[in-house]
Amino acid sequence: MNVYAKIIVDVPSGGTDHPFDYHLPDALAQTASIGMRALVPFGQRKLTGFIVDIVSETNLEKVKSVAELLDITPVLNEELLALGAWMSKETICFQITAFQAMIPAAMRAKAVKKIAVVESERSDLPMNIQAFFGQAGERSWADVPGDARLLRDIRSAVEQRQITERYELKDRAKHRTAKAVTVPSDVEEKPATKKQHETFALISDHYGKTEVAIQTLIHQLSLSRAVINTLVKNGFLQEKEIVIDRNPYTSAEGDGSEEKATLTVGQSRVLAQLEETIDQPQGSTMLLHGVTGSGKTEIYLQAIDRVLKQGKEAIVLVPEISLTPQMVERFKRRFGANVAVLHSALSVGERFDEWKKIQEQRVQVAVGARSAVFAPFTNLGLVVIDEEHESTYKQEEHPRYHAREIAIWRSERHCCPVLLGSATPSMESYARAAKGVYHLLSLPDRINQQPLPAIETVDMRAEMREGNRSVFSTTLLDKLRDRTEKGEQAVLFLNRRGFSTFVMCRNCGYVGMCPHCEISLTFHRRDSQLKCHYCGHEERVYERCPSCESTHIRFFGTGTQRVEEELQQLLPEARIIRMDNDTTKRKGAHERLLKQFGNGDAEILLGTQMIAKGLDFPNITLAGVLAADTLLHLPDFRAQERTFQLLTQVSGRAGRAEKAGEVIIQSYTPEHYAIQHAQTHDYLSFFKKELGQRKQAGYPPYYFLTLITFAHATYATAMKAGTHAAKLLRARLGDDAVILGPTPSPIARIKDRYRCQCMIKYRDEPEITDVLHELFSYYQKELQQDQRFITIDRDPNMFM
Ligand SMILES: Nc1ncnc2c1ncn2[C@@H]1O[C@H](COP(=O)(O)OP(=O)(O)OP(=O)(O)O)[C@@H](O)[C@H]1O
Ligand SMILES: [Zn+2]
Ligand SMILES: [Zn+2]
């Protein structure tokens, strides 16, 4: 009988976005499964593809054969395949792009797949597998001959964990090995001394014939290194090197022994509602609106505990920058080794190790950034999204998915709840909760009735009139001095975007611009270069103005570095830690700086967005925002919302323990409602006011938005496509839909390509997904070789 695989091939283009039929040779047919990757001939090349179906017939007369299977067990289960298809449809991307986004990067990188014998199982392996390995402990997957029986046996050995898979990458240095021991299978006599005998008995009782790291024995069983060495010398134990999971969060230890906290009345009430939902076999979404420091995390932990007791699994999403060891520790202390951590700061090999723990069901909890929403659990009981308002939950490249939407899709499939948590929910989520689409839960008070910090705004215009040209108001400086003297701590927030530095000629107004992109160049003090943030273009700093040749060239804006210098001059005795992209570039630097601050090595933590969230340090009694306006006036309809969120989050860092907190917000427009409502901790009033604005201007949550951008080397071609698209959309969509544009994009040129955009605003357009797909594939065909010609972004976060 013939067997065919339907395969989505890795060619992201319109003409190939459907399954192709391939013949499965006998040798492969027996092990091939839906959800595995295969290597297939395609044109003159061999490409990777995902098997989406296996059938016994094909309509084609001539089919090519699958060359190789790339996986031993499926990498995508049926749920994830279905999710990929849905994502492709909803976010307007190719299926292959959706599938690739769901698997660990190691599988996409140029990595060598290895399979290794689990030594304690070696003698139980079928003879053919033993013969293949010979004396070796590990061999390349590519060396396995195409023998049906062998392939099938290897697959079942992998499923029974007699064989493990791993990816060997170029970053070999990062592979951590450790000395381990096993009990050999041929031990007959007993060790000579009582001490040795006891040690030997303990090891074989606890670990049987499985290998165990010597460090683990020393720490967990309190054994002595000397006795282990003697046992090795006398042949009672065998010593070897093993590769251990290379997780940098190993410093984030926790053995799962921490007791639950006794909940406050408010927390108990919320947890009870949550548990009721968890116990119901039904998809649902809940929004937990809890002020900063109200103990949301403890609720997540206890809800997860409930889920685990039911034998189910949980995913916790946190924004990447809050995913610190401090955060991970909270989970490990409660759930110990039952937690996998997925974070983009891990090396690809490390991420694969963590992913594998989930896939092999060795853990029940996954904590991670955005893409952890694809964790291949099969019995999900809860998905938590912390800081749900964060814009990083939306991926800004294909596939342009929002983790919240993916979580909701999965919750329906698994009949379990999604819990969104935030002190400042997004307008969209709160509006849905207000309408009853989501279930609203709230925690209006801080733990132990701690008051929220008092917030004072300082009008920087007045400061200016009084002759203060510094970026620090007198009030803020006084308070900083006071904290430094008292040995208390302060965080100072500076918006990265508003403060990027550019060069300007004070004589003629010339501003250094990138010759390829329509944006100003940023000044980098360290190497005296001007750099473009979009394309990487670099120039040496000018000494004379390129336009008028005057020497009055000045650097404008204020980088964190300059603020640090100024502050150090004003407060020479203060110890300052600066956290921005520059100081946190190196791996582990972010954690190290936070740790130093936590240890009290500095009084002032000065930083960008990365300090605004999640910090829970008891000694912080002051939070300062240097210029609240820099975010407020960005050309983005969410600017007010983002400002309110940010001010609230920054304020939330102060006064979380016994000592009361204080906040200073410096602004040139302190009368703005986003600043006013943040000052009074009044989320609801902000929400209502902002909702009115959105309604009037026709923005979410009243209208849906879709942004279509065209980019081309000539302006006319980009505009022509935009005009055509707008015409097509006007013809196909209903009268309610508003189509704006085409207009040049706010950044009109990137990497020498002109950009223009059309914006669609709509409320109810059942046809729109189909129309967008039509447009997408039309322009794909037009410009096959240039994929970036058209980008379609549904519910966009960025409008540049
Ligand atoms: N029931 C409780 N009893 C005592 N302490 C608690 C309790 N629940 C939480 N805490 C402590 O209160 C502090 C604040 O809690 P948590 O960090 O969970 O707040 P949060 O709502 O997540 O805040 P944010 O949104 O600002 O991050 C933490 O130090 C936490 O350990
Ligand atoms: Zn550029
Ligand atoms: Zn000039």
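The count begins at 1 with the first shown residue.
The backbone N, Cα and C atoms fix where each Cβ goes, glycine too.
Taken from TrEMBL, the feature domain 'Helicase ATP-binding' applies to 277-443.
Every protein chain considered, the tally of other Cβ atoms within 10 Å of the Cβ of C508 (Zn(2+) 1 binding site) stands at 12. According to its DSSP assignment, C508 (Zn(2+) 1 binding site) is coil. As annotated by TrEMBL, Zn(2+) 1 binding site applies to C505, C508, C545, C548.
Positions annotated as Zn(2+) 2 binding site by TrEMBL: C514, C517, C532, C535. Neighbours of C532 (Zn(2+) 2 binding site), defined as other CB atoms within 10 A of its CB across all chains, total 21.
Here TrEMBL flags 537-692 as domain 'Helicase C-terminal'.
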Integer Cα-Cα distance in angstrom, C508 (Zn(2+) 1 binding site) to C514 (Zn(2+) 2 binding site): 18
Cα-Cα distance linking C532 (Zn(2+) 2 binding site) and C548 (Zn(2+) 1 binding site), given in Å to the nearest integer: 22
C532 (Zn(2+) 2 binding site) to C505 (Zn(2+) 1 binding site) - Cα separation in whole Å: 18
Three-state secondary structure, which DSSP defines for C532 (Zn(2+) 2 binding site): coil
Cα-Cα distance linking C514 (Zn(2+) 2 binding site) and C505 (Zn(2+) 1 binding site), given in Å to the nearest integer: 16
Nonlocal residues around C545 (Zn(2+) 1 binding site), in sequence order (Cβ under 8 Å, 6 or more apart): C505, N507, C508, Y510, T551, H552, I553
Binding-site residues whose CB lies under 6 angstroms from ligand 2, from C505, C508, C514, C532, C545, C548: C514, C532
